[in-house]
Amino acid sequence: MHHGGGGGAIRVLNVAEKPSVAKSVAEILSRPSGGMRSREGRSRYNRVFEFDYSIGGRACHMLVTSVTGHLMELEFDDRFRRWHSCDPADLFHAPVRKSVPQDKQDIKRTLEEEARKCQWLVLWLDCDREGENIAYEVIDICAGANSRLNIWRARFSALIDREIHEAVQHLDRPNKLFADAVDARQEIDLRIGASFTRFQTMLLKDAFVLDDTGDDRNIILSYGPCQFPTLGFIVERFWEIQAHEPEEFWTINCSHTSDEGTASFGWIRGHLFDYSSAVVIYEMCVEEPMATVQNVRNQEKLKYPPYPLSTIELQKRASRYFRMSSEHTMKVAEELYQAGFISYPRTETDNFSPNTDLHSIVHEQVAHPNWGTYAQRLLDPEARLWRNPSNGGHDDKAHPPIHPTKFSAGETNWTDNHKKLYELVVRHFLACCSQPAVGAETTVEIDIAGEQFNASGRVVLAKNYLDVYRFDSWGGTLLPTYIIGQQFVPTTLTLDSGMTRPPPLLAEADLLGCMDKAGIGTDATMHDHIKKLLDRCYATKDANTRFSPTNLGEALVMGYDEMGYELWKPYLRSMMEADMKSVSIGTKSKSEVLENCLQQMKACFLDARANKVKLFDAMGTFFARSSRPVNETQNSIETVRPCAACNESEMFLKQRPTGEFMVGCRGFPQCRNVVWLPRSLSGAAVTDQVCPTCAPGPVYKIQFKFRRRDIPPNFDVDHLGCIGGCDDILKELMELSRFGSHSQTATPARNQSQTASGVRQGSSRQDLHTSFHPAVQFTNGQTPVVNPQGFRSTHTQSSGNASGQVQCTSCREPCVLRTANTEANRGRKFYKCQNLACGFFAWEDDVENSAPRGRGGRGRGGRSSSRQSSASASAGRRGGTQGRGRRGRGRNADGMMFVAATGEPVYGSCFICGDPTHFANVCPNLGR
């Protein structure tokens, strides 16, 4: 046999999705030419098969090899792959790339080497969207090695001779839209999953004891956009059961026994929850117990066979009939498909094409010992059992419904589950082609004392499809004969009570139905989402295949539910799935769907992060707090800017256990650069807005929320600010707010006043609440008078001295005059103590209104003096700076220097023990 491909033969590289499929395709196509030869490729698991064949009358030398599922992986650039390398919010827009992982490099090399020697590339990947995406991964590799390749797509639904030969003789072009839809889904899932997973894990893992054994350091609290709505169905049903309060009800039951049997009549009202009303009606019936037959209805009823078998129905029925998990069902179905016994098991289609030769498929089953006789009857025209399958209304345009493709009485290597699933597929197919079952149903209605009761009975006249489909039953009871007007006294007439019951936990078939109805996942991925919930310990499944949430699963759903965001509901994912379907049919572009979905989910992410306390509260309901060092708990890691001190790491926003906010370098402890934010903050979150002024950048703006009691009344509590030094409003707010122990300057000199010393050495906790109406003294020595606003003012006796200077009564130092730059108070003057640790503040006009003015009013000289004092004080504060965030050898060299959010250095040491390596709030001697 000639294998060289000479004589004008076209060399054709055929690529299948799995090695077993490649072997089956090669065996089928090589039979006419007398066989094939096999050799190893670069990967020992993916062999290359060679043989001669004819396509469209043209001689071809065929080379058949395979990949093993997806050849490429989508991943973030290296600088974003480490968990602490970036703010999780950055992952919504971080660069991604698709590349061949190391463990598949051998497959890649095989494809490249073979592609260089071929003229055609024929893709035998699974004929669904996922398979089309893998096909384009193969195209990228092969076309990169040989750009002149003529690329074709083989479309098939079963690994049988007829299908494979038909596919290779009617080659098509690959569908880029299908591949784009999968690309969009992969990128959306990667970005959403990675961002929420990092957020949840870093926020909660080290903060709580999640594992009773204590070995929970490697736990990943994953979030998946399909996985979480699936968990939501389980939790929602669980909550519904927990919220159910049993309620007693009462109903009247009646029975009548005659020579023909017993009939049980039910009350038309069903039941009543009011006992008194039920007793009154029951007593009426007991007093007048004669029953009168008011109506007798006899009608023919039909029970129709099921629709042709789709993937979701296969999973649901296997779960219901055999208690097989959806994940195991798909594994067994895939093995049956690859062995050629059933058609492709991943399909949404539930109607057969008119061109399908259904009789031939039935004919293959006539030899089976269990259902062969039924198959013969089905093909017999005189039996009148044949009926074309019903149309279920779904067609994915890729594959037919699941049906048998090869006869088997049971292979020696089959497990019980292989036998059960093959039997289900065959019996389901035979049932689809059968007449419905026929029954005669009788309904009898009676009246007792004005109350209506009825009873129903059924007799099956022709079982038809029920003869082969043993999984369905259609029983009934035979009623005695009644005629209209007949009267009788009931044999029993009772008032019975019962209790309402909650719905049961979701079974796997029910869960699959919920997912299918809500559009969560696809027929090929639903089982995988369920498996992940079990693997991640978010849910458990009992022996009856019913699901319950674990404490961890319930806590996460509860946390998001408390936020008010329906991230655990199916609506968002359902919209995404609809968008991806739109990409696959060309009504929306991949870029459009990516932009819309990621923009929506990033907004949800930022909102969730801003309300992370809800997650903490929910987790605290189920889990004990961890005793691990708080430094390991990454409660909030949000990148603000590159560190200008070490030029190596990022600076990030973090909230300490005490509630304070800081911006520190990730390079700690090698780099100790830190910005202490004021303790008047109640919240802070980094936004995605970049400051256009500050460098080195990017410098992300922070959304600050101040406590109203700790800032002047005319400032907004919400402020979008920049810590890079350009934000004048933020500087004012910083200067007007107490910093507590973190912002204290060097230890006060001995010659300072006792008042000032007292302020400095007071409790760092008691000193936080700044009064914005403190005492005021003028330097002209006048006696202060307290005004209604709480200020002290001095009455001037002469106009020439009317502009007395404002003095801080705590520090006894002249105040500086500043100008507000906020929207509400732009241009308004205020007095501020020169001492950064002092919280003195007063509006200029309030001070003026509290004291009589001379005819000349305040002179300009006073303002000039204040400005000079302000400039001098500011210059004095800057004098000792020797770099940001480093320990300096300038003023107070024995202490530590930090950078305040105003951009100015802050020196200090612990005022309790004098240690320069920490401040008093973390001093081990605190409280002794």
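Keep in mind that glycine also has a Cβ here, set from the backbone N, Cα and C atoms.
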If Swiss-Prot is the reference, give me the range from 150-178, 208-236, 643-671 marked as zinc finger.
643-671
Pop the mean pLDDT for the domain 'Toprim' (11-157) in here, whole number is fine.
93
What is the number of other Cβ atoms found within 10 Å of the Cβ of ASP128 (Mg(2+) 2 binding site)?
21
Relative to the Cβ position of ASP126 (Mg(2+) 1 binding site), how many further Cβ atoms are located within 10 Å?
24
With H, G and I counted as helix, E and B as strand and the rest as coil, say where DSSP puts TYR344 (active site, O-(5'-phospho-DNA)-tyrosine intermediate).
coil
Restricting the comparison to the recorded positions GLU17, ASP128, TYR344, which residue's C-alpha is spatially nearest the C-alpha of CYS833 (Zn(2+) binding site)?
ASP128
Alpha-carbon distance [CYS808 (Zn(2+) binding site); ASP126 (Mg(2+) 1 binding site)] in Å:
81
Conformational class of CYS808 (Zn(2+) binding site) under the three-state DSSP mapping:
strand
Helix, strand, coil: count each for the residues of the domain 'Toprim' (11-157), based on DSSP.
55 helix, 43 strand, 49 coil
Return the member of GLU17, ASP128, TYR344 nearest to CYS808 (Zn(2+) binding site) in space, with distance defined Cα to Cα and candidates limited to these recorded positions.
ASP128
Going by DSSP, is CYS833 (Zn(2+) binding site) sitting in a helix, a strand, or coil?
coil
Calculate the distance in Å between the alpha carbons (Cα) of GLU17 (Mg(2+) 1 binding site) and ASP128 (Mg(2+) 2 binding site), and round it to a whole number.
12
